[in-house]
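Quick look at what TrEMBL annotates:
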type     : residues               : note
ACT_SITE : Glu159                 : active site
BINDING  : His158, His162, His168 : Zn(2+) binding site
DISULFID : Cys128-Cys150          : disulfide bond
DISULFID : Cys130-Cys131          : disulfide bond
DOMAIN   : 66-294                 : domain 'Peptidase M12A'
DOMAIN   : 240-352                : domain 'CUB'
DOMAIN   : 353-465                : domain 'CUB'
DOMAIN   : 465-506                : domain 'EGF-like'
DOMAIN   : 509-621                : domain 'CUB'
DOMAIN   : 621-661                : domain 'EGF-like'
DOMAIN   : 665-777                : domain 'CUB'
DOMAIN   : 778-894                : domain 'CUB'
Amino acid sequence: YLGDIALDEEDMRMFKVDRIVNLAERTVTVLNHTDAGKCACLSAWACSLSNETNTSNTASHRRKRAATSRPERVWPEGVIPYVISGNFSGSQRAIFRQAMRHWEKHTCVTFIERTTEESYIVFTYRPCGCCSYVGRRGGGPQAISIGKNCDKFGIVVHELGHVIGFWHEHTRPDRDDHVSIIRDNIQPGQEYNFLKMEPGEVDSLGEVYDFDSIMHYARNTFSSVLCYHRGSGFEQEKLACFILQESSGNFSSPGFPNGYSAYMHCIWIISVTPGEKIILNFTSMDLYRSHLCWYDHVEIRDGYWRKAPLKGRFCGDKLPEPIVSTDSRLWIEFRSSSNWVGKGFSAAYEAICGGEVKKDNGQIQSPNYPDDYRPNKVCVWKITVAQGYHVGLTFQSFEIERHDNCAYDYLEVRDGNSESSPLLGRFCGYDKPDDIKSSSNQIWMKFVSDGSVNKAGFAANFFKEMDECSRPDNGRCEQRCVNTLGSYKCACDPGYELAADKRSCEAACGGFITKLNGSITSPGWPKEYPPNKNCIWQLVAPTQYRITLLFDVFETEGNDVCKYDFVEVRSGLSADSRLHGKFCGAEKPEAITSQYNNMRIEFKSDNTVSKKGFKAQFFSDKDECSKENGGCQHECVNTFGSYSCQCRSGFILHENKHDCKEAGCDHVVNSVSGTITSPNWPDKYPSKKACTWALSTTPGHRIKIAFNEIDMEPHLECTYDHIEIYDGRDGKAPSLGRYCGTKKPQPIISSSNKMFIRFLSDNSVQKKGFEASHTAECGGRLKAEVKTKDLYSHAQFGDNNYPGASDCQWVITAEKGYGVELIFQTFEIEEEADCGYDYMELFDGADTKSPRLGRYCGSGPPEEIYSAGDSIVIKFRSDDTINKKGFHVRYTSTKFQDTLHSRKK
């Protein structure tokens, strides 16, 4: 190899290189410089890269550079088929396409996705890094390697320059007339990068040396990104090449409307985003008329080159009908061979998205992909593949404006051929949708963008999909065949696993167990379990029995994520049954009882770390509650070897242990969160019932009550049956509201850590009642008194660390003439130099606009802090990562001090 250029044997003889490149493996070398901008010209097909866009009559300026002199290395017709291997991400694929479109935009080179072409390039990742051959090698695929840190736009443009047929500009035979190589400054081992080419190998085609070429190394081995034009080569070239890539534009014959010259030959290639079509309208036509338009004519072809299907050949002065392409490219070729002078022609084109697509595979892209899609677009595609197949859809890249309901920009996919077909999904955001498969041979897609935010859009491949498992040979699978999108795989019944051939099955761990009790262990127990194991146990007990699983020992690789090795327990026998838990690590799971009479236990290990595994016991117990509710009037609770009856709210268990009778209805609730219900919920509440709930939560926090459901006798003033909520410890506190009927109230929040609720029913109408949830809310207004009070950072202080994404604010106020004193008992908040993550902030006043006393994290402020006035604000915030113990502060009112503040320095 030579720098980032792969050499064949003939090249190596020329450069006297003794290192061999394996052409089959396409192993080539590393590019150590980033380039962006332009390349020189190679034959009539490669024009110099430019930053200007040609959408009119001005020819792309072509400059020929250090091009290969071998005709066999030139790509026929300037068409280069390509394949992008599957290991590249959607964003990398987008960069590759941007680089190819960059070449297409400023040259007559065309890149197409490979179908049946014998010679083509493959974007791949080889040990060499970023590298390529120069020109076409012929006889099969050739690699263009885009390795680690090479997926930059300029580097890919540079490598594509080699693919087209350009050597490095600074290796031209005449380079010593223009640059000096200071060999003493070349890094050891890098001298080959500056070898000169032989005159017979490079054709500079009479062009001057180009210091700014993208194929030229810079002084420090990094190339310039500058681009500029020189004079047009139009006067010297018989062939003029125009590349049109905008969504709409105009073009005309040279000299229009003042007439064209004889022996003109011009080509326009209109290339829009795949998934779009082109509509072409001639706005003026005045060419020499001849039989079959033999002499002067303009020819339209439906594709990317001169051998594409002919749409029409036109001459004379009659305007052709509008022409619509079947794909995203049109070839327009103009020739003049007479001395008759006509005005020429002018035409306008526009890209239209959507349409009917009737082929077995292809790609759909959002308009202007991989650049940002355009605003206010509505594109509808109706894709049809051959009868007897399904449509498979896989997304290579996806980036559409994000919204929870995809209300602005979105892609909609439906299972059929119309907008009324069943919806398969409505997608937006940055996560690629899962693979999609239609139920028939048709699929409907709709892309919508509004007038605001535009993103890169999407690229999706579609193809005809068949169910290989429906074949008579079951996909050559011994036991089970599982169809997947674009392929299939073999699977085995429980107790078996795939053999090395991936088709036959062999006995494995796991199995089908009908014993009432027993034990199961991980494979290899008590030694470490082997890698790459998948074991499934299916436990089945008699009807009316439940299965309980108890782990004696548990040790697998992993943590809370359980991404690598794990044990999964489900009620039922299938992989989509109700999940009880997915377990890993060294903590033993709690006892698990099945919902019905069967249980599924699955163990998986990957190919890395192995641990001791697990040992578990299982036993079956008759569920007395499954038959006639165990004779219980209200609720039956199954226990091992027995059962017990329980009563609903407002009732107690009768002496016979089965029936329920009314009980006292006054409740004291001290839990941080929970649910309260009317008596006998969800059945009708009894008449003449009076119930109370005295709720209390952590000091410094408030109580929030939210009704899940309410159904009580309605009345305009809720005089009869009602529930009333008080802002304090009893019914003497201020009322927060009285409620009845069926309309759910908005959530209600107390002003302190106390709330009192009273329910009353009269002797007439009874309804279902209510169910409400109560939770603790941080923040609020607190009153400082001589008596010391407590404030905690979160409701579960002492039991759990503070939660993530907390945003709390307390305003503590003393009576007039007094200040507020804070005494911190505990302070432990995530530490960071600027307290930018989790922090507590103090303000000397009644709001956050007051002077700030400080922002604290880590070990916190000093023990005592005093306000200058009668109020102080405590603000507490946490992010969504590291959580700590929090803080506990005591506050009291105090006479103003001489030293008012104690601040943390």
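Don't overthink the numbers, they just go from 1 along the chain as shown.
Backbone N, Cα and C atoms are what each Cβ position is placed from, and that goes for glycine too.
Please treat TrEMBL annotations as automatic predictions, because they have not gone through curation.
With the residue listed as 'active site' as the anchor, the candidate disulfide-bonded residues are Cys128, Cys130, Cys150, and the one with the nearest CA is Cys130. Spatial neighbours are here defined as Cα atoms within 10 angstroms of one another, and by that definition the neighbours of Cys150 (disulfide bond) among the recorded positions Cys130, His158, His162, His168 are Cys130. The two recorded residues Cys128 (disulfide bond) and His162 (Zn(2+) binding site) have their Cα atoms spaced 15 Å from each other. Spacing of His162 (Zn(2+) binding site) relative to Cys130 (disulfide bond) is 11 Å (Cα to Cα, whole number). In the shown protein chains, 27 other C-beta atoms lie within 10 A of the C-beta of His168 (Zn(2+) binding site). According to DSSP, Cys130 (disulfide bond) sits within a strand segment. For the pair Cys130 (disulfide bond) and His158 (Zn(2+) binding site), the Cα-Cα distance reads 10 Å. You'll find the Cα of Cys131 (disulfide bond) roughly 9 Å from the Cα of His158 (Zn(2+) binding site). Shown are the binding-site residues His158, His162; the one with the most C-beta atoms within 10 angstroms of its own C-beta is His158.
The domain 'CUB' (778-894): residue composition by secondary structure is 0 helix, 58 strand, 59 coil, according to DSSP. Within 10 Å of the C-beta atom of Cys128 (disulfide bond) sit 22 other C-beta atoms, taking all shown protein chains into account. Cβ neighbour density within 10 Å is lowest for Cys150 among the disulfide-bonded residues Cys130, Cys131, Cys150.
Under DSSP, the residues of the domain 'EGF-like' (465-506) split into helix, strand and coil as follows: 6 helix, 16 strand, 20 coil. Under DSSP, residues within the domain 'EGF-like' (621-661) fall into helix, strand and coil as 7 helix, 17 strand, 17 coil.
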